[in-house]
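Asker: Feature annotation from Swiss-Prot assigns ATP binding site to Ala9, Tyr10, Ser11, Gly12, Gly13, Leu14, Asp15, Thr16, Ser17, Gly117; the stated evidence is sequence analysis. If you look up Swiss-Prot, you'll see Tyr87, Ser92, Asn123, Arg127, Ser176, Ser185, Glu262, Tyr274 marked as L-citrulline binding site, on the strength of sequence analysis. Annotation source Swiss-Prot lists L-aspartate binding site at Thr119, Asn123, Asp124, citing sequence analysis.
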Amino acid sequence: MKLNKVVLAYSGGLDTSVIIPWLKENFDCEVIAVVVDVGQEDDFDAIKEKAYKTGASKVYIEDAKEEFVNEYIFPTLKAGAIYEGKYLLGTSMARPLIAKKLVNIAKKENADAIAHGATGKGNDQVRFEVTIKALMPQIKIIAPWRIWNLKSREDELNYLTQKGIDIPFKKEESYSMDGNIWHLSHEGLDLEDPWNMPDFDKVLKITKNPLKLADLPETVEIEFEKGIPVKVNGQQMGGVELLKTLNKIGSNHGIGIADIVENRLVGMKSRGVYETPGGTILYYAHRELEYLCLDRATLHFKDMVAIRFAELVYDGLWFSPLREALSAFVDKTQEVVNGTVRLVLYRGNIYSAGSKSPNSLYIKDLATFEEDQMYNQKDAEGFINLFGLPLKVFGMVNRKEDE
């Protein structure tokens with residue numbers, strides 16, 4: 001089958017470098033490589049050069065850091081979305097954005113297909129493809145890992161040699177990693193056995209080993225406006241700068257290390273270690289402010305929304321009507337989430353050290369045991385009688401006197 005142009009999600013790794021000549025051989029097509037910068041801090045000049053050497057006709061380097069932070073990370077933060085109680089969705093949030101950029105370039109280049117290097121066992125194939133289907137339903141999607149005969153890293157290296165492509169790739173001796181401005185994940189090797197404790201000295205790349213820290217605690221203040229962090233220690237910052245600042249602060253104190261066995265969308269469990277220093281601080285601070293500013297009913301209902309929101313993000317359904325509708329609800333709740341939270345960081349732990357807000361629902365005169373004008377304690381009796389009436393009736397009808 002001949003195609004004119006194929007847009008490829010390119011990372012510069014072995015898999016996507018092999019895909020370029022493979023696409024040209026099997027589809028007799030021009031391959032346009034697209035690298036999306038979501039804060040992974042790669043050598044993009046070297047990646048661009050590698051793409052051309054393996055046969056790409058054109059290479060796009062798309063800087064999407066600001067969009068990633070402001071339009072994907074912060075909405076998820078406001079929702080309080082955490083997958084299965086531990087995973088802060090770093091990879092999950094990035095994939096729909098990358099797919100969106102692929103679609104934009106495919107339209108610009110009038111491409112016939114979009115290709116990606118995700119394997120047939122992981123979540124990313126789903127995240128890429130459902131996003132592409134949502135944004136460009138008519139385009140063909142090519143997933144080489146599901147159709148080619150290359151079964152191993154050695155097969156891939158031999159394929160490049162056969163094609164006369166001489167690019168050195170290091171022997172795979174490290175963990176499989178995925179990084180962006182929000183997090184860095186580690187999978188494979190000894191982590192595949194959930195009984196093995198991670199060797200933090202070997203695994204961690206951005207966060208200091210909390211078991212070996214002897215540093216003094218550090219206090220940090222974060223200010224929010226409508227649920228969005230805008231200041232760190234009194235200094236106004238844009239989203240990218242703010243997250244980088246908190247990543248540095250948090251990593252110095254071993255904050256944000258999560259060892260997770262998660263349920264993949266495709267039916268299996270996987271184990272990974274995640275470093276999310278700045279994100280962990282933001283989630284903690286944001287929640288503390290919500291405790292102060294949200295009423296009981298809204299806070300409790302929002303907790304239920306957060307679970308479903310996290311599932312949608314994890315499953316790659318960022319552009320689904322439900323995710324967008326839930327975000328509209330979240331945005332309404334965040335109108336009153338304004339104020340400052342003070343935290344203390346020490347040896348991998350976060351401690352609350354104060355919070356204040358112009359929208360605080362905490363009123364000292366109501367909470368105190370002293371007499372006040374707003375709350376008449378005698379009113380409680382009638383409330384309890386009515387609140388407990390269903391249980392009283394049930395007991396009268398169904399419980400025996402000697403129970």
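Going from the start of the chain as shown, residues are counted 1 onward.
Note that Cβ sites are derived from N, Cα and C of the backbone, with glycine treated the same way.
Describe the structural context of these features.
Answerer: Within 10 Å of the C-beta of Ser17 (ATP binding site) there are 26 other C-beta atoms, taking all protein chains into account.
Over all protein chains present, the Cβ of Asn123 (L-citrulline binding site) has 19 other Cβ atoms lying within 10 Å.
For the recorded site, Asp124 (L-aspartate binding site), the DSSP three-state label reads helix.
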Asker: According to DSSP, does Ser11 (ATP binding site) sit in a helix, a strand, or coil?
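Answerer: Ser11 (ATP binding site) sits in coil per DSSP, no helix or strand.
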Asker: What subset of the binding-site residues Ala9, Ser11, Tyr87, Ser92 lies within 10 angstroms of Asp124 (L-aspartate binding site), using C-alpha positions?
Answerer: Ser92
Asker: Can you list the residues of the same chain, besides Ala9, Tyr10, Ser11, Gly12, Gly13, Leu14, Asp15, Thr16, Ser17, Gly117, whose Cβ falls within 8 Å of the ATP site's Cβ centroid?
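Answerer: Counting only non-site residues, the set is Val18, Ile19.
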Asker: Name the secondary structure element type, per DSSP in three states, that contains Thr119 (L-aspartate binding site).
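Answerer: The residue in question, Thr119 (L-aspartate binding site), is coil (DSSP, three-state).
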